[in-house]
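Notes to accompany the following structure.
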Amino acid sequence: MSFNTIIDWNSCTAEQQRQLLMRPAISASESITRTVNDILDNVKTRGDEALREYSAKFDKTTVTALKVSADEIAAASERLSDELKQAMAVAVKNIETFHTAQKLPPVDVETQPGVRCQQVTRPVASVGLYIPGGSAPLFSTVLMLATPARIAGCKKVVLCSPPPIADEILYAAQLCGVQDVFNVGGAQAIAALAFGTESVPKVDKIFGPGNAFVTEAKRQVSQRLDGAAIDMPAGPSEVLVIADSGATPDFVASDLLSQAEHGPDSQVILLTPDADMARRVAEAVERQLAELPRAETARQALNASRLIVTKDLAQCVEISNQYGPEHLIIQTRNARELVDGITSAGSVFLGDWSPESAGDYASGTNHVLPTYGYTATCSSLGLADFQKRMTVQELSKEGFSTLASTIETLAAAERLTAHKNAVTLRVNALKEQA
């Protein structure tokens with residue numbers, strides 16, 4: 001089924017509807033799983049030596065110094081245009097503003113007289129950021145990860161990227177307060193961050209996107225007792241657009257293509273109650289596609305994408321919630337009114353003037369989002385991902401005395417005698433003091 005095929009949702013059977021919302025299959029092959037496991041064990045055992053060998057093998061680069069020097073970062077900064085630096089500064093300011101606003105006030109309540117309960121927040125002590133290399137370096141992801149890490153107060157923030165590291169990535173790291181940058185890519189970088197080597201410090205939590213090997217490495221280290229936590233499960237990028245008859249077809253098409261050009265496994269979906277709008281968007285996609293440098297990649301993504309005509313906007317919202325897109329764009333005349341009905345989406349973009357690109361780069365929201373249906377249970381990345389919550393309780397003698405019989409009754413009902421004794425001993429001590 002080509003992207004130009006317009007599908008009438010209500011003419012489909014329940015099984016056909018289910019198939020229409022299926023995502024491109026992702027699974028780590030046995031060979032990837034084994035290869036990654038071997039890389040993890042090798043890096044854990046041999047440290048820096050293994051990292052250099054993998055750089056020569058996979059990146060075709062001889063790495064002498066794994067850590068990027070301050071002079072190299074300064075030189076990279078000099079090579080960038082003032083225009084790009086200014087654009088990064090604007091983006092960082094907006095990201096800072098939005099993520100600073102996410103700080104939670106401390107909770108401090110008396111649940112009953114003499115029983116004080118608190119919730120306090122602490123930063124994750126050390127975090128590692130992974131930034132892919134390649135022809136289009138994702139320096140914007142540095143801004144999205146390092147900025148909230150700094151606001152959260154993480155004491156150690158380090159970054160790994162395949163050599164040679166792009167000037168934009170090095171400058172973004174410096175701009176956002178990353179302390180150390182390392183010439184390490186792939187699954188071996190995840191291993192280095194999870195276990196530590198002579199040069200790369202072990203971190204508590206790893207953030208950032210990557211290829212199938214990086215994704216599998218993150219999964220494996222997150223399940224090892226000697227590994228590290230990770231940000232969220234990863235999957236192909238996706239966007240769903242809800243458009244009414246008043247939407248601009250060229251705008252809708254550009255948003256669909258901005259997602260499709262990410263990779264051949266990306267998925268884009270248009271939901272509209274207007275069949276003419278669907279046709280006009282399909283035509284606009286073809287026109288714009290012809291001008292794109294990454295047209296072949298986008299075409300592959302469009303093979304798994306859909307143009308769906310619905311009964312009305314309410315049905316569009318219902319289908320969107322069922323799919324749970326990473327990015328949801330609502331280009332309707334009543335976009336704000338539809339938000340309360342949205343239950344599953346990574347990030348929502350309202351109206352004609354809120355392209356996905358705004359959130360990808362500079363509006364202030366984070367572009368690290370749950371995908372592949374994980375929006376049903378996972379949140380978009382935010383300040384909380386770089387923090388942990390801790391509870392505190394303090395009972396006075398009076399508070400303890402009042403609550404003691406309740407605790408004893410509950411502990412006895414669960415047959416946890418030591419729990420009950422911890423209370424009874426104190427009750428008896430208070431009686432002796434009286």
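Any Cβ shown, glycine's included, is placed from N, Cα and C.
Remember, predicted model here, so these are calculated numbers, not experimental data.
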- Query: In Swiss-Prot, Gln259, His262, His327, Asp360, Glu414, His419 are given as binding substrate, so which of Ser237, Ser305, Ser380 is in that site too?
  - Reply: Ser237
- Item | Gln259 (substrate binding site) to Gln188 (NAD(+) binding site) - Cα separation in whole Å | 28
- Message: What does the structure give for the C-alpha distance between Ser237 (substrate binding site) and Glu326 (active site, proton acceptor)? Integer Å is fine.
- Response: 7
- Item | His262, His327, His419 as binding-site residues, winner by CB count within 10 A | His327
- Query: Among the recorded positions listed here, Glu326, Asp360, Glu414, which has the most company in the form of other Cβ atoms within 10 Å of its Cβ?
  - Reply: Glu326
